[in-house]
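To keep things clear, I will list the structure first and then write my remarks on it.
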Amino acid sequence: MQSQINAFRKNILFDAPAGLAVFLVAIPLCLGIAHASGAPLFSGIISGFVGGIVVGSLSRSSFSVSGPTASLTGIVLSGINALGSFETFLLSLMIAGGIQISLGIFRSGKLAAYFPSAVITGMLAAVGIILIIKQFPHLMGYDIEEFGVEEFGLTSQDINESYQDSHEPNEKNTFTVLLHSFLNFRSNVFVIGFLSLAAYVLWEKKIAQKFRFLPASLIAIGTGVLLNLCLERFSPEFALGKDHLVQLPILKNPSDLLDQLRFPNFSAWRNPNVWNLGLMIALAASVESLLCVEIIDRLNEEGKKTPMSRELFAQGVGNIACGLVGGIPLTSVIVRGSVNITSGAKSKVSVILHGVLIALSVLLLPNLMNRIPLASLAAILVVTGIKLAKPKIFRTFFSRRISQWIPFLGTVIATLFSDLLIGTFCGIILSLVFVLYEDHRTAVIRIEDHGKFRRIVLGENLGFFHKARIREVLEQQPEGITLEIDGSRTLHIDQDVSELIHEFRNKSVRKNISVILGGIPNMNNDMQDLKEEMDRSYRRLLDNNQEWVKERMDQDPGFFTKLAEGQTPQILFIGCSDSRVPIDVITKTDPGMIFTTRNIANIVSVDDISLFSVVQYAIEVLNIKHIIVCGHYECGGVKAALMGRSTGLIDNWITHIKDIYLKHRYELDALGEKERERKLIELNVAEQVINLYKTSLVQSALKKYGFPRIHGWVYDLSTGNLKEVEYETRLRKELGGLYDIEQDQLR
């Protein structure tokens, strides 16, 4: 308890001015929205009071401010007309509140977590733009539109009463009002509005740090009031008329307050239209509240997160209270919440205080409140709009993927030309389109091309929606390959996709495609076929061995006896692990003639203990006379180095090849793609020959025995021919006498 008291004392210097700023903005909004809704003006005041006191107390949001919202004016106006009376409408509002309480109890607030970030930011930017273009005419003194109306299109309810019988232009939408404001501006309002705006900006930029407890919004309002008082004193003809000032109802005695209250018509509870309207209000108000609270949480620099289900409960209680005493629907409102934050609020005390001030202003200070120029309030909202719709937000989203900026921009445009709810749903639909598109693409995670062998790796969940994508990939496969369809990552596969894969496998025989199905759920028969094929492949090796033994014995009965006596190879072969380079086959040599070691891309690295153990054994024990470093065209290791994308553990190994590329970059970059790859393969062989020459093992053997002689080869898969790599000139140039190599040992 003591900690709460201390926090209150610490924050009150910031919360009190912020609550006052929100209250000053909320009063004209409450009145304007009530008028636009076709409801009694006092109903807007009631909703503002309930939003501050009741919802503010129950909500766990520190900065969200609730009250009547412009986005529900259409529902309220049509609802009152459809039900025949405001009192019957109040019963629908109570039902809506009850539904919201139920949604809160059943934890429906979790739905807020599913609102896309692009949509939420788009709403924020749209509200900012709406504030700017809606409040600018009020800055110019063209107050034909009710303060607080947000819809693009205008109805008679949106027009200020004092303008309805005048000869002003027939306004159709926001753009016509904005255009006509330049033709119908009042110079006195213009001066007060823009001086209030200047005072706001000047205070916030230059002075606010010294007086942090005094928000710029109060300075703007104070500037407007003082300027108008000066005009009344020194130049009355230029003073603002009541049409350009806040117009708060004046209650002369307590009985007037009771006369303003309206009560629900409980006798209409059997009317199904009452329940239908209640459900509509509950859904619309709940969605808007969740969206607005999510946005306010983002604006809050302290990063506090609001429990959304609790917020629905609080909103429901607030709407029941409004229905009981004659208010209109309330929700969390972005405009008021953002003003609360920009005014420096530290806790929910500012929210509750703004509700208290609404009540006190109506009861005790209506004449004082009616001196506030609408232009000063408009100045506050214009600055708030600029902060919400910063150009940086648009630059950030336009620099992102199309799946981000299209929903963002769609939300902004739809909100501008309709309302907050429609704009949000449009943004969500656009986001879902991209989600489905991305999901469609992830049916196939990747396609691996290994020449005559290809692998298609399927995604985790495959439904009928993925059928077209999988068919497209399968139909692109060339003839005469072995194709593995890898479903090891797949958790679920729809029957439609299973049938598609079965159909492809059956028809693939015509294209001479051998299909292997692996790890695909619910395809046990295919797994059995795969196991049988694996067994056959394995047994075939043993059978082939027996045939080879028989052939050798027929040719030379003593072949294996001599082979078992020992090996005396003359050559050490250092080659690539590629299965297409069988050294004994391409050189037509018998077992025992070539000592062999292999690795990826025939790299000779001093870090490779396995390789140099082989080299040492070959030189010191077998006394080999030649060492051949053999690469081959179409080398996968070299291709991986040139592609520049991660290949797993191999990345560390092929770094050696990338170093060679950097060393010869200018020479290689001048070549075409295919020529560059072939040249790098040759340079890689030459580099590994040099690496081998540098070793103490080779140097010692050369000085002692005059051998081994080291050679570089490249095997051409497309022709079967071996090619010697020229390296002698490079070797002399790069090594000189540093390693004390006798030049007559080189070829």
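Every residue, even glycine, has its Cβ placed from backbone N, Cα and C.
Secondary structure at Asp578 (Zn(2+) binding site), taken from DSSP and collapsed to helix, strand or coil, is coil. Look at TrEMBL and you will find Cys576, Asp578, His632, Cys635 tagged as Zn(2+) binding site.
Taken from TrEMBL, the feature coiled coil applies to 520-551.
Summarising the annotation, TrEMBL assigns domain 'SLC26A/SulP transporter' to 15-392.
The transmembrane segment feature in TrEMBL is assigned to 12-34 (among others).
According to TrEMBL, the transmembrane segment annotation covers 40-58 (among others).
Residues or ranges marked as transmembrane segment by TrEMBL: 65-83 (among others).
Here TrEMBL flags 89-106 (among others) as transmembrane segment.
The feature transmembrane segment is assigned by TrEMBL to 113-133 (among others).
The transmembrane segment feature in TrEMBL is assigned to 185-203 (among others). Through the fold, the transmembrane segment (185-203) approaches residues 138-143, 216-217, 219-221, 223-224, 227-228, 231, 238-240, 244, 373, 375-376, 378-380, 382-383 of its own chain, all at least 6 residues removed from its boundaries and within a Cβ separation under 8 Å.
Residues or ranges marked as transmembrane segment in TrEMBL: 274-296 (among others).
The transmembrane segment annotation in TrEMBL covers 316-337 (among others).
Taken from TrEMBL, the feature transmembrane segment covers 349-366 (among others). Long-range contacts of the transmembrane segment (349-366) within the same chain, counting only residues at least 6 positions beyond its ends with a Cβ under 8 Å from a Cβ of the stretch, are 8, 11-12, 14-16, 18-20, 22-23, 26-27, 30, 45, 48-54, 56-57, 59, 63-66, 248-251, 257, 336, 340, 343.
Taken from TrEMBL, the feature transmembrane segment applies to 409-437 (among others). Counting only same-chain residues 6+ beyond the ends of the transmembrane segment (409-437), those with a CB under 8 A from a CB of the stretch are 69-71, 74, 115-116, 118-119, 122-123, 125-127, 129-130, 150-152, 174, 284, 287-288, 291, 397, 402-403, 465.
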Within this structure, do the transmembrane segment (89-106) and the transmembrane segment (12-34) have 3 or more Cβ pairs under 8 angstroms, counting pairs 6 or more apart in sequence? no
Using a Cβ-Cβ cut-off of under 8 Å, list the residues of the same chain that are 6+ residues beyond the ends of the transmembrane segment (113-133) and lie near it. 150, 174, 178, 290-291, 294-295, 298-299, 308, 334-335, 338, 381-382, 384-390, 393-394, 397, 404-405, 407-412, 415-416, 420, 423-424, 427-428, 431
Which one of these stretches, 40-58, 89-106, 274-296, 316-337, has the most C-beta pairs shorter than 8 Å to the transmembrane segment (65-83)? 316-337
Cβ neighbours of Asp578 (Zn(2+) binding site) where a neighbour is any other Cβ within 10 Å: 19
What same-chain residues, at least 6 away in sequence, bring their CB to under 8 Å of the CB of His632 (Zn(2+) binding site)? Cys576, Asp578, Arg580, Val581, Ile681, Val714, Tyr715, Asp716, Leu717
Let me know the DSSP-derived helix, strand or coil state of His632 (Zn(2+) binding site), please. strand
Within 8 Å of the Cβ centre of Cys576, Asp578, His632, Cys635, which other residues of the chain have their Cβ, at the recorded Zn(2+) site? Gly575, Ser577, Arg580, Val581, Ala601, Asn602, Gly631, Tyr633, Glu634, Gly636, Gly637, Tyr715
